[in-house]
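Data block below; observations after.
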Number of protein chains: 2
Amino acid sequence: MAGPVSPLAPAAFPALPEIAGVRFASLAAGVRYANRTDVMLAELAAGSAVAGVFTRSSTRSAPVRDCEAKIGAGTSRAAFLVNSGNSNAFTGAAGERSVAEICAAVARATGIDEGRVFTSSTGVIGEPLPHERIVAKLDALNAALDPSGLEGAARAIMTTDTFPKGAAETVTIDGREVKIAGIAKGSGMIAPDMATMLVYIFTDARHDQPRLQGLLREITDRTFNCITVDSDTSTSDTLLMAATGASGVDATGNDDFAAGLERVMLDLAHQVVRDGEGATKFVEIRVTGAASETDARKVAMATANSPLVKTAIAGEDPNWGRVVMAVGKSGAEADRDRLSIRFGDILVAENGWVSPSYSEEKAAAYMKGQEIVIAVDLGLGAGEAVAWTCDLTHRYIDINADYRS
Amino acid sequence: MAGPVSPLAPAAFPALPEIAGVRFASLAAGVRYANRTDVMLAELAAGSAVAGVFTRSSTRSAPVRDCEAKIGAGTSRAAFLVNSGNSNAFTGAAGERSVAEICAAVARATGIDEGRVFTSSTGVIGEPLPHERIVAKLDALNAALDPSGLEGAARAIMTTDTFPKGAAETVTIDGREVKIAGIAKGSGMIAPDMATMLVYIFTDARHDQPRLQGLLREITDRTFNCITVDSDTSTSDTLLMAATGASGVDATGNDDFAAGLERVMLDLAHQVVRDGEGATKFVEIRVTGAASETDARKVAMATANSPLVKTAIAGEDPNWGRVVMAVGKSGAEADRDRLSIRFGDILVAENGWVSPSYSEEKAAAYMKGQEIVIAVDLGLGAGEAVAWTCDLTHRYIDINADYRS
């Protein structure tokens, strides 16, 4: 199933700093894959605040439900345990038992309270998770814990991602440095799975837990919730963040910290789009002039999700008529005669029609690039939004119309 | 651009009855295409009530806006004038002038009041409609009007439809027959057009106009608004219906008439899906047991629009995990443990997991058929809905990622 690396992949995996207060281990447990790591453990020192944002799917998986129940204000030692190969989603009561077995085993191996063990699973759905294979590896995982293991963890959580995803920032607070580093997986596919996104972010800053939870949710709305590959929502999407406090620097309420965290999250979100199934172009949809921010977001997401817009981009066709269509169907207030559309710097349409200055030749040349910006100004108000997506290509069909096995 | 006829096309165009009070003509005006008819005129006798349902797109085309303004209670003579090849959408003030020029020319040629001339245009968007080519043909169209011209009209309104679409019913009211006949076009594509749907329905029954308008809207919600090919909404979607009254039989409030009309509309709606771009399978999504009808509809449309569900069907993969995903993302109330999923008669999932009786082999055999029924019962209430869609194949990408020209 492993395809070629996405043409939009970064040149190399970034150098991620060690984060004081976290150790990582990853191993091959044979959950589904052969010859690769598929389980990772992160151990968080005492003092760590843990926050999380999860899929809103009403059929979300057993591990997601368990994490949701555990997120809270405690700061005792904690652990993240993630497996790939099986998502433990739609597995009935057996799914909940698997989560409980894994949490108990992590607790036994590490001495961490079960209530502070957060698990995620990604991969095939509807098949019982062979949790005993994970349980059997926990002593080895615990023995292998190492502060430098974050890149290995990024690789262990991949499903059909074509590259591992990581990002990091250093922020100075009152003259002292704190570090933020994160990893992600998505939008790879293991049929019959869907494009699950998992994200884990770590910082050595200290942070109030309820405010970290609020910050994470707010930034998620501007980053991970602004990307789309195919409009389908996973039953397993999970973002977990730990602030270990090991640096001794409190980042609660610090704007530079929030900005650094947002850069890490946006970088990871963009990498997920760059690994979108079959993607050959990275597309930014910028909407301005909407009657409200909600309207701007509707237009941005309607455009980013439109199969007709996405296939036109795959065909390198500056097909602005399809952008007009997407604006029209979005449900946002729009006025044909105030709308303007740009492809990159090229003004395509204004005053209800194609611009007199428009050159199809220039626009077609622009569409041959790998990074496409489509800007829509609605001319009505101050509402703005951005969405990121990729093109819709034959390879998306290849990947997703392939029979599972 | 003309591809092979859809494998889901009916064996033949149906025999459509003449409808007393309507005459049709179609001709080649050379709007965009060569060697084919591209303009049709329908002349409605005095006494005709006209009703219409239109796209809700905020960027809807000039002819749509003109029709919306004209729909009303009058019953004087009327005309429908439709061209293919150019949609006159997003053409600024010039688009409105083109509509006015065409309406004036129809009025001159036929003696029908301009306020009773309803026009539609379908095809390329953003290019000025060469209305003079249509205007030049109006005397010839008027001279060619003939009660038997409905099939010709069905052909003249095609864009890249792979087959013309027609349907008819006869209904007996108080021992007297009335006839209903309709034609449609969609979801063919002329880049940079979108999958515009145009529908024209005629009956010789008499019908109160405001109640016909209400009936048409109500049935549209159960037919045309329950189909989807790619979730994109056209700027030009138009459904016009004329009740000429020439039979002398009043159908206002008659349930048999409403049922006959619904059969015609459902038949045409299904034909549009059967001509969906790249379609190789006709898919019915049946939702029952939802907490409300609104919720049932959300689940049906979320499933019918899901690229992951549609690519799985293209791959003949009974990938019920993707149906669970679509239920979860729909926004409808759902409970994993009450959900059941059937592919045809095969119970796939129940009680939060795959059914003990499920046979992957049987389900895979079922998916090889051309007509697929996916039934989802939410186990919560009495809400029901049905949606119809097609699979998502390489040919959809071929058609839509092709550069215009």
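Quick reminder: no glycine exception, Cβ is built from N, Cα and C everywhere.
Note that TrEMBL annotation is computational and uncurated.
Residues or ranges marked as substrate binding site in TrEMBL: A:Thr159, A:Lys185, A:Thr196, A:Glu277, A:Asn400, A:Ser405. All protein chains considered, the CB of A:Lys185 (substrate binding site) has 29 other CB atoms within 10 Å.
All chains included, 30 other C-beta atoms sit within 10 angstroms of the C-beta of A:Thr196 (substrate binding site). The feature active site, nucleophile is assigned by TrEMBL to A:Thr196.
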Chain B neighbours, filtered from binding-site residues A:Thr159, A:Lys185, A:Thr196, A:Glu277, A:Asn400, Cβ-Cβ distance under 8 Å: A:Asn400
Protein Cβ atoms within 10 Å of A:Thr159 (substrate binding site), excluding its own: 25
Conformational class of A:Thr159 (substrate binding site) under the three-state DSSP mapping: coil
